[in-house]
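The structure appears right after this line, and notes come after that.
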Ligand code: GRF
């Protein structure tokens, strides 16, 4: 019986071309994708499963050790090309693996002439490497960009492992009720390495919120806390439950992002000076709900967003940072709020990145 290493040995480019021709003769399609796949994580697996769905078989072109070093620096790859190839070939979505030594996949594309080329979503068709793009166009290959899976990256995994097993990183607990766009921005900053933190728990009073969905998809423990019968209040049992979840997750800082209920004791005392909120106005102006609408009605030419500490008094704790946004003629509350949120998405991760534990 062959060993796993033999059974999953990489193919030569010529063998992959033969596979492509065989599929072609049957009216089937070969998908091609390439990358380093150094520390395999769920984001990779999900991406590969989606890419495989685009055709009938898939080949993964793996960067050789030398080309990974060139692309990612001297500390990478963590796993050798043989091991990476073996792991990759064992995946359900992968039919063939080929290792390539160039920084670009151009000559492989020319040899293999795949039917479909799949790439992870930090690219657009226009931002592909021009040489690779020309080779794809010449081969008549269809280009498909797939969305990146949020919250997962090899860089973030390596960072988690090298900071005292995560002990040096900020542990964030988030509370939200709505869209979760700020949560997405925090996750993106973590993935990019701009924020040395982990989201340890996400809590929401809304079971079906996008906020909880985003957390779940990013692998963050996502918990619905039932606020009780009155939709405007958050009863004592729920207040206590929130504090317990935050403590269990050992969070250093609590972030309220669009959390529509009022946070009270015991969390306020347990996390005094360690709870932040983001509000869509230049506080102390326009406290409470509908702040963008209030700015329009007041005839303000400028508004913005504020990140501040949370106290028992609503929208009144110490201001940590603000960013301004113009109010434009013809602005609706929605348009203005969207412009404010763009700033929130930068400001909130910045404040957290500077947070001292
Ligand atoms: C933000 O505008 C924030 O200022 C306010 O609620 C909104 C939350 O948006 N407190 P999202 O859920 O992060 O998209």
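Cβ atoms here come from the backbone N, Cα and C positions, even for glycine.
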Do you know which of 233, 248 TrEMBL groups with 260, 261, 262, 263, 277 in the (6R)-10-formyltetrahydrofolate site?
233
Using a 6 Å cut-off on Cβ distance, which of the recorded positions 260, 261, 279, 315 come close to any atom of ligand 1?
279
Under 8 Å by Cβ from residue 279 (active site, proton donor), counting only residues of that chain that are 6 or more apart:
287, 291, 305, 306, 307, 308, 315
Starting from the Cβ of residue 233 ((6R)-10-formyltetrahydrofolate binding site), draw a 10 Å sphere and report how many other Cβ atoms land inside it.
14
How far apart, in angstrom, are the most distant Cα atoms among the (6R)-10-formyltetrahydrofolate-binding residues 233, 260, 261, 262, 263, 277?
18
Among all protein chains shown, how many Cβ atoms are found within 10 Å of the Cβ of residue 261 ((6R)-10-formyltetrahydrofolate binding site), not counting that one?
22
Report, as a single number, how many Cβ atoms besides its own are within 10 Å of the Cβ of residue 315 (site 'Raises pKa of active site His').
17
